[in-house]
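Visitor: Please read through the structure below; I'll follow up with questions.
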Amino acid sequence: MTKMLKGIAASDGIAAAKAYMLVQPDLSFSETTIDDAAAEIERLNDAVAASKKDLEVIKNKAAENLGEEEAQVFEAHLTILSDPEMLGQISDKIKNDKMNAEAAVKAVTDTFISMFEAMTDNAYMQERAGDIRDVTKRLQSHLLGVTLPSPALINEEVVIVAHDLTPSDTAQLDRKYVKGFITDIGGRTSHSAIMSRTLEIPAIVGSGSATSDIQADQTVIIDGINGDALVDPSADELKDYEQRAQDFAAQKAEWAQLKNEQSVTADGKQVTLGANIGTPKDVEGATDNGAEAVGLFRSEFLYMDASELPSEDDQFEAYKQAVEGMNGKQVVVRTMDIGGDKELPYLPLPDEQNPFLGYRAIRISLDRQDIFRTQLRALLRASAYGRLAIMFPMIATVKEFKDAKAIFEEEKAKLVADGVKVSDDIEVGMMMEIPAAAMIADKLAKYADFFSIGTNDLIQYSMAADRGNERVSYLYQPYNPSLLRLIKNIIDSSHKEGKWTGMCGEMAGDQIAVPLLAGLGLDEFSMSATSILKTRSLLKKLDTTKMKELADKAVSECETTEEVVKLVHEYTD
Ligand code: PEP
Ligand code: MG
C-alpha cells in the first residue's frame, strides 16, 4: 500500500528514486573478553582496510566536487588510520587485556581525543580530536557490520531521507545521483532548503516522520511543488508522476523563453529580478536563469566551505569572480552572517539558548573587527572589477549601521592611500530583517544607500516563530497584514530619501506575494535563481495601478493572511 507523507514544499520539481537513509546507525556494542587475540586483531585489520577503502573513494569524490582543500580532511583521516602508535596501542589492548576490538578501539581513541581536546590554546590540535572521532565512527561501523551513511559514496539515483540536513551536508550532495530529498524537520527558509533550490533538487522538509516512515531502498516520489511524498507507489501512481514531471519540464521550457527579456509589468514598469547566491560558482545558475543582478551573495558560505578563516586574497578572488561573472550587473555582497543555523567549525561560538537571537552576523563583525576588516578589504579590492555593492546583515539600530559603515570607510581610505584601485561608487546598504529596524526605516534611510528586506528572518522575528521549526510553521505567514505593514514602511521610507529597496528573502519569489510587493513599490526582487523566470512571467501579467490598489486594501482592510490571499486571487485570477 502506498504511504503518503505531507511536508513543506522546499524546492520545485518532481522526482522518484530509491530511498537512501542518511541516518546515523546505532554504534553501541558490549565489552567482552576474547580468547583468540590473533583472530580479533585480524578483524581489526580488516575493519581498518575497509575504512581506508571508503575514505579513498570519499577523498577522490570530494576533490572532484568540492576541491582539493576539502579533500584534505579525508587525507587527514587516512593518516590517522595509518598511525602505528594508535593502531599499536589498540592491538596491545586486544592482546594484553583480552578486550574485543570495539572496546579496544574505544579505549584508545577516547584517550587520544581527550588529549587533543585538552590543548585549548591550539585550535589545530583541537580539530584533530574531531577527525579522530569521525574515523572511529567509521572503524566501529565496519567492526559492527553496520552501514555508515556516506553521501559521497552514492553511485546510483537516490532520494535522500534524513532527520535534518545541515548546509554543509547539502553542499556535498551530488546532483547526478541525488534526485530529491525529504527531511523530518526544517522549514522552507532553513538554509538547507534554500540550497536545495540553488542546486535545483526537488525537496520536502519538515515532514515530521520521513525517517521512521520510509525504509532504505523503498521507492519514493518527491513532489517538491506541493510538498507530498509517496512511498512505495503503485504502477499507476508512478505513471502519473512521470506525466507531472513532464508537465513541469514543459512549463519550465516555456518560462525559459523569457531568459533574455526585461522584467516589466503589463503597464511597462520596470523592476529588477536578481538571484541569491552562496558561492561564485552559483553565478552560472543565476545568468542561466536570466538574473539581472545578484541581490544577495551570502558570503558566509565562503567561510563555511573552508577549514579556517578565508584569507583576504581568497575572498578577493571569490568576490572578483562573482562581479566579473555578472558582467557589469550589480552584485550585492552581504558581509558574513554566521550564527543561527550557520556555524563555523573553526570559530566556535558560545553555546546559547537562542542562537537566532544571539551573537551572530553584524554583532560578530563589530566585535571581531579583525575578521570584518579582512572581509571589507577583500570586497573593496574586488569592487574595481565590476559593479559591487555591500550590505550588512541583522542591523537593529542606527548606531550599528553607522559603526559598520565607519569601519568600511576607514578600510577604504587605507587602501586608497596605499594606491590600491577601489571603485568610488560602492553602494553600502543594509538588510532589513529585524522589526525594530523596520520601524525606524525613515531614520536608517538617511544613512543606508539601499535596503534589502530579509523576510526569512523578518517574519520569524515579527511573529516570534522559529523559521526552521515545522511545529510553528503555521505562524510563518508572509502575507500577514502585520508583515505587509512593515514592508510598506520600509519601502516608503527609502523612497522618501531617494533610495531603493530590494527583497532577498524567499518571499520575493513567492507567486502570491509578488503582486502585493509590486503594488507596494518594491524595486528589486532577489530570489533562488530557479524562481526568476516564473516571476518574470507573472510580472508581465500585472498592472501596477491595480496592484497598488490591491496592496493598499491588504494593508489597511485585511485582518488575516487568509483574507489577503483571497484578495490577491480576486485581483489576479
Ligand atoms: C533573510 O533573512 O531573509 C535572508 C535573506 O537572509 P538569510 O536567509 O541568509 O538569513
Ligand atoms: Mg537573514
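Here the Cβ of each residue, glycine as well, is placed from N, Cα and C on the backbone.
According to TrEMBL, the record shows the following:
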- HIS191: active site, tele-phosphohistidine intermediate (ACT_SITE)
- CYS504: active site, proton donor (ACT_SITE)
- ARG298, ARG334, ASN456, ASP457, ARG467: phosphoenolpyruvate binding site (BINDING)
- GLU433, ASP457: Mg(2+) binding site (BINDING)
- 6-128: domain 'Phosphotransferase system enzyme I N-terminal' (DOMAIN)
- 155-227: domain 'PEP-utilising enzyme mobile' (DOMAIN)
- 252-543: domain 'PEP-utilising enzyme C-terminal' (DOMAIN)
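Let's see these features in context: how buried, what's close, how far.
Guide: DSSP assigns HIS191 (active site, tele-phosphohistidine intermediate) to a helix in the three-state reduction.
Of all Cβ atoms in the shown protein chains, 29 besides its own fall within 10 Å of the Cβ of CYS504 (active site, proton donor).
Here ARG298 (phosphoenolpyruvate binding site) comes close to ASN276, ILE277, GLY278, ARG334, ASP337: these same-chain residues lie at least six apart in sequence, with C-beta atoms under 8 angstroms from its C-beta.
The local packing around GLU433 (Mg(2+) binding site), expressed as other Cβ atoms within 10 Å of its Cβ over all shown chains, amounts to 26.
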Visitor: Quick one: of the recorded positions HIS191, GLU433, CYS504, which has its CA closest to the CA of ARG467 (phosphoenolpyruvate binding site)?
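Guide: That would be HIS191, the closest of HIS191, GLU433, CYS504 to ARG467 (phosphoenolpyruvate binding site).
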Visitor: Would you list the DSSP helix, strand and coil counts for the residues of the domain 'Phosphotransferase system enzyme I N-terminal' (6-128)?
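Guide: Split by secondary structure, the domain 'Phosphotransferase system enzyme I N-terminal' (6-128) comes out as 81 helix, 16 strand, 26 coil.
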Visitor: How many whole Å apart are the CA atoms of HIS191 (active site, tele-phosphohistidine intermediate) and ASN456 (phosphoenolpyruvate binding site)?
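Guide: A Cα-Cα distance of 10 Å.
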Visitor: Looking only at C-alpha atoms, tell me how far CYS504 (active site, proton donor) is from ASP457 (phosphoenolpyruvate binding site), rounded to the nearest Å.
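Guide: Their Cα atoms are separated by 11 Å.
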Visitor: Taking ligand 2 as the reference, state which of the recorded positions HIS191, ARG334, GLU433, ASN456, ASP457, ARG467 have a Cβ closer than 6 Å to one of its atoms.
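Guide: Cβ under 6 Å from ligand 2: GLU433, ASN456, ASP457.
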Visitor: What does the structure give for the C-alpha distance between GLU433 (Mg(2+) binding site) and ASP457 (phosphoenolpyruvate binding site)? Integer Å is fine.
Guide: 5
